[in-house]
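For reference, the structure discussed in these notes is given below.
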Amino acid sequence: MPRINSNYCVFVTLFTQLTFFLPVALNVVALNPTDATISQFVNASFQHRWNRTGDNEEVGFIMSMAKSMILVGGLVGAFTIKFMLQILSRQQNLTLLHVIFVVSSLLMSVATKFGMSYEALIVGRFLCGFSRGCGFTLVPLMIAETTSRKTIALYQAPTLAILQLGSAISNFLGLPWVLGGEQTWPFFLAMPGFFSIVYLIASPMLPETITYKILEEENVEVCVENQFARPSFSLLKKLRAGNLSTVQTEYIDMKMEISASLRSSQTSFWNVLMGENSRRQLFGAIVILTTLQSTGVQAVALYTDTIFEETGIPKNQATYYTIGMFVLMALVLFASSPLLVQYGARKIILVGLTGTAFSLVLLTVSLKTRSFCPDIMTKVSLTALILYSCFVSVGPMMCFMGFATEVTAQLIRPSAMWIGGIVWNTMASAIVWSTPYVLQAIHGYFYLVFVGLVVFDVLYIKFYVPSNTTARYQIITNEPVENFEEVTPLLSSEIFRQEKTANYHAENSPSFRGKNKYYGSASSNCSLPN
């Protein structure tokens, strides 16, 4: 496959993901390895305020609040990001989230330690979760609007590898003999803020997304007779490695796709929901975005030690198995990313989900039969967890963000990512809060719940989610397509290309005129590209 994105584009996408999702991963699991140390601090704060230590119920409640606030904040952020995008640009929003990260880190470390305030820890966790919930929608949207559509899935893949690697690093650094000790834990909780400071320093060098620049130019009536002299085209040239004609073709394709969405009035959430093709893209993106939660990875991430203990691993070794599992998932994800180029996200996510369902069934069987042959079933359980880690990494973990942005058109994508983020965070909260009680009630059968969710996802994606190519055809022509295999040659045909161009050049096309409910007023009188 010829090189499409420039080195500058690669830097922008990787730097954006690394500086945002690595601190997210460090924070999400930070209280797991430091649980005993932070509990001691809470007791000390009780002694400092009221000259008594807190009882187990009080300390447990405060620790539970601190851990869950990152999920509550994530849900609030998922709801809020849509309205933030209507007020600020993509880069302005991301800069704001990094400022919130810095404030969050200071609250969880300096304010908590020196103020002897566990309330500061709880508020800091909430702010961190808020940034996480906003970023779940914002960062994938920015990557999708910066890279070539042909490489969206590939360039979204590092996100989850960074999250898994960050979780492994956090579990290790949080150990009492590393940075999780009584005197060092504030440094551990402050560390994620460093990455946000690095981003804030570099932010002046980072561009807005191409889609946002195109719409911004139309909104302020940047009338340039030669469309290829516009700043948005100059930015696209900087982000691409292809020759001039290839970049020009991509630029026209992007503007035609945006124009078609506006011409069909599909940009507001309500209109997206009402349109047959746009609704299909919206629901498909939501299902794809929630595939990772359907595998139970959120429960596994937070309760891995308990799961390993249930398989027969000694309690004092469970944390090291947890670290190994996160490292394995990150390595498998990195190693398998070239498969995206060869086979595409749709095939890979279906294979990964199918393998995940099989490994969860195997884990259930091994756990329920362990009493008959403990040694053998312990090994089978570990094998099932290894298979689970590999299939989740190769399938939904690598593809869910990229595939969801691939199958949505430019102006449908923000609504799809917004609703998908809300559903994702809602599922995460429900899974985390219910897992201890469900595990206690049904034990090994707990994993069959996720098998059912995964089977539903496989069937829905197989029969209802369009491919990337199909989604583009539907939004340009506003015609449904049932046979995915027939679309590719149709799209490449000269007749279809001429038809698209004719539609795009329509003299009375309202493509950038009138009120756009998502992006604001688009009152330009500029002509369409010549």
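Including glycine, each Cβ sits where the backbone N, Cα and C put it.
The transmembrane segment annotation in TrEMBL covers 7-26, 59-81, 93-116, 122-143, 155-179, 185-206, 282-303, 318-341, 348-365, 385-404, 416-439, 445-465. TrEMBL lists 21-469 with the feature domain 'Major facilitator superfamily (MFS) profile'.
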Summarise the model's confidence over the domain 'Major facilitator superfamily (MFS) profile' (21-469) as a mean pLDDT value.
84
So which of 7-26, 185-206, 282-303, 416-439 has the most C-beta pairs under 8 Å when paired with the transmembrane segment (385-404)?
282-303
Which sequence-distant residues neighbour the transmembrane segment (348-365)? Criterion: at least 6 residues beyond either end, Cβ under 8 Å.
288, 291, 294-296, 339-340, 380-381, 383-385, 387-388, 390-400, 403, 444-445, 447-448, 450-451, 454-455, 457-458, 461-462
Of the listed stretches (59-81, 185-206, 282-303, 416-439), which one yields the highest count of Cβ-Cβ distances below 8 Å with the transmembrane segment (93-116)?
185-206
Do the transmembrane segment (122-143) and the transmembrane segment (282-303) come together with 3 or more C-beta pairs under 8 Å, pairs six or more apart in sequence?
no
Should anything in the same chain at least six residues away from the transmembrane segment (185-206) have a Cβ under 8 Å from its Cβ atoms, list it; otherwise answer none.
12, 15-16, 18-20, 22-24, 26-27, 30, 34, 37-38, 41, 91, 94-95, 98-99, 101-102, 104-106, 108-110, 112-113, 124, 128, 173-174, 179
